[in-house]
Amino acid sequence: MTTDLPELLPARMLNEYVYCPRLFYFEWVDQRWVDSHDTEQGHFTHRAVDKRTGSLPEPESGDPAKRVTSLRIESHALGLVAVLDRVEDGGDGTVVPVDTKKGKPAANGLPWSADVVQLYAQAALLRDAGYEVDRGVLYYAEVHKRVVIPIGNTEVAAAVEIADEAREVASRENAPLPLVGSKRCPRCSLLGLCMPDETNALLRRDESPPRRIVPRDPDSRPLYVTTHGAAVGLKGGRIRVVQKGSKPAEILLIDVSQLCVFGNVQVSSQVLAELWARGIPVLWFSYNGWLRGWAQGEMSKYVQLRTAQACLDDATALGISRSIISGKIKNARTLLRRNSRTDAEQSVQALAGMADSATGAASPAELLGIEGAAARVYFENFSGLLRGALDQIASEFDTNGRKRRPAPDPVNALLGYVYSLLVKDLVAVCIGVGLDPYLGVYHRPRYGRPALALDLMEEFRPLLADSAVVGMLNNGEVTSGDFERRSGGCWLTLQGRRKVIRAYERRLDVQVTHPVFKYKVSYRRVLDVQARILAGVILGELPTYTPMVTR
């Protein structure tokens, strides 16, 4: 139960509570916030009233109130606090709170109920401070319309009652469940965090298929700096990469979702500070592609999720692990069934049985054994996915089997490199969701190992990494000339690594129909969806983890 919330409830949170109790809980209790076009436009609309001007006379003075903007007022008796956009002189001994809204009233011309309740709370605070208030104004900037709202004792009492209801909701262990089929959801800035239709579908609260209202994929993408000795700096809202002998490259900050640096690359403190302020992680790799670490700005304020993750019981962890590994094996089976150029029917059937066995594993050790057996069957048939012209590469992989550090052949080198890229993406997803990447449910926590990212990665190995490797080899995008043999291993050249990164990023952008929710979404977005489903199970909001499985 939440016991350390602030004593004073912001009046604007009553607006969120009336609009959607789940939104209120996310923002006030969990401290989760995501800007959208609407919220950015709201900030712009408020710029004229966000600067503090004027002051109210003492209530008993009888002096007329001058125009006041950005007035902070609080009451411990009411348990409320607010920053009033504007307070005007009513001309009859009263003061009038004016609240500015970005949009417009409802289609019938009436103000939105959530806006009205927020105005009631502002009036309650002014009355508690000794001022006479009998009306307020909602100013809708989009249509330049002022709507006068009468306010009496009944309205003030209603605001106080709603505030009490909101505090009771805030004291609960978990957030309220999402609205069902609500028209309010598509424009909500926290839509991607809430996933209302997806959550309701998994809970069977709504039999209709989920609407395609997930936020579109962001325009930003990871920025990779792979040249040894490059320097990354900041110049006028752009990241600037300087490489010896080459023209500096620049990219807008708004187009960057991650900064990924390979080998000895210098990153300025200005770049780090700006990226962290924007919630963008920086990830460091060895020259050959092993993820060595990452840095982020302020940790997620979603403490409740991290606490639940740390306290997750063994039974729940095993249930999640079963689903993950079963999903991984099913996806491996699908890749073989669809793409094998040899007779793999017996192996496909064996993998189907192992996927079923994984769902009934009685212990982590048993599940680990099933996963290992499935991996052997899968990789014994992996070379059969490659076209005939690659017989030499396929034969070398058959001889070596799946090995790493160092990779003995091109296929192993590609798999290891792409797996590292996938891990870093899931580390970034965990950070964004508020999960601890190090604290796994299947992979045991170990010093320096991002266990939870590895957990989430399992079902995506065949879907994203393995399929990308098969595609880039079969298409001739990567050839034997993109590898070099040294130090007892096989390594990608600089040009080869760049080709692999491009192919992997293309794979992430592929649109796929989600097998549960039935809408089309990119794999890049699916990574985030699955992490949020996992978070829902950890919090106890969802009963089981449903993996991403293709047919």
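Using N, Cα and C of the backbone, Cβ positions are placed for all residues, glycine too.
Per-residue confidence over the domain 'DUF83' (13-195) averages out at a pLDDT of 84. Taken from TrEMBL, the feature domain 'DUF83' covers 13-195.
According to TrEMBL, the region 'Disordered' annotation covers 45-66.
Just so you know, the Cβ of GLU371 (Mn(2+) binding site) picks up 21 other Cβ atoms within 10 Å once every protein chain is counted. Annotation comment: TrEMBL describes GLU371, HIS443, GLU458 as Mn(2+) binding site.
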Query = Secondary structure at HIS443 (Mn(2+) binding site) (DSSP, helix/strand/coil)?
reply = coil
Message = For the Mn(2+) site (GLU371, HIS443, GLU458), what does the 8 A shell look like? I mean other same-chain residues with CB within 8 A of the CB centroid.
response = SER321, ILE324, ILE325, LYS328, LEU368, TYR442, LEU454, ASP455
Inquiry  = Please list, in sequence order, the residues in the chain of GLU458 (Mn(2+) binding site) that are at least six apart in sequence and whose C-beta is under 8 Å away from its C-beta.
reply    = ILE324, ILE325, GLY327, LYS328, TYR442
Query = Relative to the Cβ of HIS443 (Mn(2+) binding site), which residues of the same chain, six or more apart in sequence, are found under 8 Å away?
reply = ARG449, ALA451, LEU452, LEU454, ASP455
Query = Where does GLU458 (Mn(2+) binding site) sit in DSSP terms: helix, strand, or coil?
reply = coil
